[in-house]
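Q: These came from TrEMBL, pasted as-is:
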REGION    1-25  region 'Disordered'
REGION    40-125  region 'Disordered'
COMPBIAS  94-106  compositional bias 'Polar residues'
DOMAIN    181-265  domain 'Cyclin-like'
DOMAIN    274-392  domain 'Cyclin C-terminal'
DOMAIN    278-364  domain 'Cyclin-like'
């Protein structure tokens, strides 16, 4: 090879090496500048490191290496004072605070009691034992029952049509008693849920407080109310022909279908009434679900539903009356405290004059009924209902004789 060729080859090699070094220097400077700009812009700590790697040619290249965040430090959702990474950086702390504000649910109990120190309540928190039961949705229990308390005011008869003698819808209490007692008997024959009977009575009372019903149509109204209630509450329904058959020929299947349409239209299809058994189950938690007390309370509750004096009384108040009378029949202490008041929907049994008068009226009705409810009495004499009728009636008579001594 000539000297001129060798000289040109050496110059080209030197030029390529100089160019490569300049490019690598430019990349290094650009990478350093990029990191500097990121730090200046975000003022946060970067988790990306830039280790040097030796290439095959001997040059040094810089590549970003992704690192995995350690999971040993858990995120504190409900604490604003601690940084996610344990640092004290202001911007990072601000980001965590805004994230925490988004995660919190303002209506949940956990958000309301996010402090490490438990709040002192005047009543016992009986829902905390069920927090691990997903089906109980304890975070939303208060909101659910607040909604039910509002709904019961919308779906209860606004007045007692049985004692409003000047009302066009007036009906003698004895006629309603015959109707309700027949409903209790049919309800037992069909083996339906207790909620179905209570809803049927509610639908019937609401309709009769709005429309005048002739004597000939009363049985049709009762069987139609039971049909609608069963559709709303039951899984396995009796056939339409069975409803017609139970009336002993007084109503046909077509009559029941026509009455159902008219009844639902009158009630504007508003049949989602909060059942008193829901409130009874709620307040029974404060009584530790005592079996005997609850069985007696069910009798008082059903009797109050069938009694003509309480057509316009809210279902939550009927449940509170039932559990209060049942507890007093067993002479339980305390009579009523802050826990019962909370779980009964703020019923103040010891100071509410209306509540106390309703309890006395219920006791009087059981001791000396103004209307005959033979099917109901027979039902609660049975072993299936633990035979609570006779002891409850005896206690009611004792209360009346002693002028309700020590009742409140």
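Using N, Cα and C of the backbone, Cβ positions are placed for all residues, glycine too.
What TrEMBL says about a protein is an automatic prediction, not a curated fact.
Just so it is clear, the model here is predicted, and its values are computed rather than measured.
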Q: For the domain 'Cyclin C-terminal' (274-392), report the average pLDDT of the model, please.
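A: A mean pLDDT of 95 is what the model gives the domain 'Cyclin C-terminal' (274-392).
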Q: Count up the helix, strand and coil residues in the domain 'Cyclin C-terminal' (274-392) according to DSSP, in that order.
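A: So the counts come to 82 helix, 0 strand, 37 coil.
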Q: Sort the residues of the domain 'Cyclin-like' (181-265) into helix, strand and coil with DSSP and give the three counts.
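A: DSSP classes over the domain 'Cyclin-like' (181-265) add up to 64 helix, 0 strand, 21 coil.
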